[in-house]
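Chemist: Below is a structure I'd like to ask you about.
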Amino acid sequence: MSVRVRLAPSPTGSPHIGTAWQALFDYVFAKKNNGKFILRLEDTDRTRLVPGSEQQIYETLNWLGLDYDEGPEKKGDFGPYIQSERLEIYKKYAIQLQEKDLAYEDEGAVRFKTIKDGQTTWHDLIGDKDISFPNNTQEDFVIIKSDGYPTYNFANVIDDHLMEITHVVRGNEFISSTPKHLMLYKALDWQPPQFAHLPVLVGSDRSKLSKRHGAKSALDYKKDGFLKEALINFLALLGWSHPEGKEIFSLEDMIKVFDFKNFNAASAYFDETKLEWLNGEYLRLMPDEQLTKRLQEFLVDHPAKEKIAPLVPLIKERIKKLSDFIPLTFFLFEEPDYDKEVFSKLKIENQEELLNKVISSLTSLEKPWDAKIFEETFRKMAQDQDLRVGDMFQFLRVSFSGQLVTPPLFESIKFVGEDEVLKRLENLQKSNILD
RNA sequence: GCCGCGUUCGUCUAGUGGUCCAGGACAUAACAUUCUCAAUGUUAAGAUCACGGGUUCGACUCCCGUACGCGGUACCA
C-alpha cells in the first residue's frame, strides 16, 4: 500500500507557523516514500470558521512549495475534501455504530461507548516508542454533535480510513485522544494507520504556539521579506536534525535523508534570530540576477524597482531580509532629510568648515569622478585636517546620504550621480544643521 | 485531581553504556580586515546532561521515584 499522509487544518484564520511546520513534515515524509500528500479541511466547528482562511491555507502551501496531490480544489477519488461536505458519510457510520449498539443518542448528540477495561497501546513514530493508556480513562465521547456535524474525533477517523491515509502526522496535543480513535477503528473493524505525534512549537512562555500569543502567520514571514527556502530550512531544524549535521540544506536534500528517527520529541521554541541569519545566508548564496528578480517581486510598489540591478551586489551582504533593502537604499533615490543628531555622532569638530573644503575639492575634481583619485583626495584631506581616515569618509557618507550606514561609499556616490551629490552638499551647506 | 508527553549551553540541537571532564549552529564578546555597516576569518565565554536513588567494572544514555513544564480530561480541533 502506498503512503498517503494528510494535513488537516481547520479554516480558522491564516495558518500560523506551526501549521506550516507540520505541513513540511507531511510533505517530506510523503515525498520520501513516493507517496501522496493530501489536504483536507476540517471545518466541523461552525462557530470558529473564519471566512477566507481556505484561500490563505492554499496560498501558504503554495508559497512554501509544499504542493499537495489531492485537496478541496484538486479532487482525487475520495469524495469531497472538506468535511462539511461529507456529512452524509459520517451520519451513515454513526447509524451503523448505533445499530451495533456501540453508540447511543444523548440529548440530540450521538455518543460512542468506549471500552472500559484493558488498555490501548500503539507505537508512535516519534521517539520510536509505545504509548499506552488505561481504557478506563476514556469517557463515552460525542461523535455527532446536536447540530448534525461530527466531532473531530469521529470525522478524523472516518476520513483517514476512507481516504486511505497510512500515516497520521499531527501535533502531540492529540496523543490523549488517540485511544478514542483506536477504539473507533476497532469498532468499525478497520485497520488503524500509523501515528507520528510531533512535538508542538511553543511560544516564548513555553506554552503551545497560537495566534493568541501573537504567533505570526506563515504568510507574515513572506511579507517581512523572508525567503521560502530559508523558512523551510529553518522549520526543518526545529525538532528534526539532518543526519549529517548540516545546517543549510534544500527541501530536496531533506527528502532524500528524512526519517522520523531523527526527530526530537521535546517541544521547540521558535527563535527568529536564527531564521534571520539563515535568510541572510540564502540571500548571499543567491546569484545577483536571481536576487534582483526576488527583490523586484518583493518590492511591488517600489517606484524605482527596475533600476535596482546595479545595487544588488552592493547590498547583498548587508541585508538579512528582502525588506531591509528599503531602509538601506532609499537615500539613493531621493534626497534624505538631514538630522542634526546624526552629525553630532561624528567625531569631527568644525563640520561646516570641513564641508566647505569637501565641496571645493569635489567641484575641482574632473567628472566623471574616478575612484582612485577620489580616495586619494580625501585621504590627503584627512591628513591635512588631522582626521582619522575612517572619520573623514564617514563624514562624506553622512553628508550626502544622511545615513550612518550605507552601501559602499564611492559606488553609492556614483549611483546618485556627481551633480546630485554636489547639489545635496550645497543644500546642506545652506541649511543650519552644521552650526 | 486523574491520564499522557517532555526535561542536554540564552535558543535550535548532536549524543542509543566506555571514543563526552558532552560536539555543532544561532545569539553574545574579543581580535584581525576595513571609508561606515555588513560579510569573512580566528579565538573566547557559555551545560555540575532537571533532581534523587538504583542497575553496571562503567550512565547524558537503562530502571524507579520526585520536581518542573506542556497537553488532554469539551457537543474545540
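The backbone N, Cα and C atoms fix where each Cβ goes, and this holds for glycine too.
Just so you know, TrEMBL annotations are computer predictions that nobody has curated.
Not measured: the values here are computed from a predicted model.
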Chemist: According to TrEMBL, which of these ranges is motif ''KMSKS' region': A:53-57, A:113-117, A:208-212, A:368-372?
Modeler: A:208-212
Chemist: Averaging the per-residue pLDDT over the domain 'Glutamyl/glutaminyl-tRNA synthetase class Ib catalytic' (A:3-107), what integer do you get?
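Modeler: Taking every residue of the domain 'Glutamyl/glutaminyl-tRNA synthetase class Ib catalytic' (A:3-107) together, the mean pLDDT is 96.
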Chemist: Taking DSSP three-state, what's A:LYS211 (ATP binding site) in: helix, strand or coil?
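Modeler: Assignment for A:LYS211 (ATP binding site) reads helix.
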Chemist: I want to check the contact list for A:LYS211 (ATP binding site): same chain, sequence separation of six or more, C-beta distance under 8 angstroms. What comes out?
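Modeler: The list for A:LYS211 (ATP binding site) reads A:GLY13, A:HIS16, A:SER217, given in order along the sequence.
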